[in-house]
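S.K.: According to TrEMBL:
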type	residues	note
ACT_SITE	Cys147	active site, acyl-thioester intermediate
DOMAIN	43-227	domain 'BPL/LPL catalytic'
SITE	Lys159	site 'Lowers pKa of active site Cys'
Amino acid sequence: MYNLHPLLHFDKIRFIDQSLNINTSAMQSFATDDALCLSISSELSPLTARLWVHDRTVVLGIPDSRLPHLNKGISYLQKAGYHVVIRNSGGLAVVLDQGVLNLTFIFPDGKKLGIHEGYKAMVSFIEYLFSEEEEAFDVYEVKGSYCPGEYDISVNGRKFAGISQRRVKNGTAVQIYMCIEGSGAERAELVKEFYTKSLENEQVSYEYPAIQPETMASLSELLKKPLKVSDVRNKILYTLNEISSSIITQPLQGKELEWYTKRMKQMETRNEKVL
């Protein structure tokens, strides 16, 4: 029996499914997670899981906003048909589209959590989610991937998922992007070209990733079987039902909508300044 991380031992969980809202801005997702962190901090909401998908969007991290020729990189992405959003946290560029499923867990008691516990809980959930698969998942930084990190999830050296974390007040949002469908290498080529145009061989103090597209793949490529975002969405909901006593499906409401509106304005202001 697989032992889930202690953070995933809960009786009640709130589930928000926004995986069908593909044409909304990714800024809305980051504002939503901030609002949920504030709600959990105020004990207005239990631990929450949220699914989200955004079509043809490249999300940049704060370090990306300091690229010397960022305007040229953004112009390239826009001409390729992608929206560009700068998120309110660290990390680096990632690609979102209809084949990429994002999952956020918002945990309470953020100030008591060690920095690694949220990451480990997410890894634990993903390993449990796919525990019936024959392929083993590895967890380490995949050099040559985009937005590399210690908790990259890969199969045989090819990464399909990455995890980030953001703490707001006493709530911690742990976010994972999972490339489910399509070509991981094609997504990586897009990000590679973005950095090429944004750097123009200029020497900078920050070490941006030297992307090798062959290090990225989708889960359907790695498992060698057709797999859709909707399949994984259903699998996540089934698993949450399995590990909890009750699931509440409840959109943002009341004070949460006020927090969301405020955070959304902050996101828009930040993006207007840079983009």
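Positions of Cβ are set from backbone N, Cα and C atoms, glycine also.
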S.K.: Where the residue listed as 'active site, acyl-thioester intermediate' and Lys159 (site 'Lowers pKa of active site Cys') are concerned, what is their Cα separation in Å, rounded?
M.R.: 11
S.K.: List, in sequence order, the same-chain residues at least six positions removed whose CB sits under 8 Å from that of Lys159 (site 'Lowers pKa of active site Cys')?
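M.R.: Those within reach of Lys159 (site 'Lowers pKa of active site Cys'), by Cβ under 8 Å and sequence separation of 6 or more, are Val142, Ser145, Asp152, Ile153, Gly184, Thr215, Met216, Ala217.
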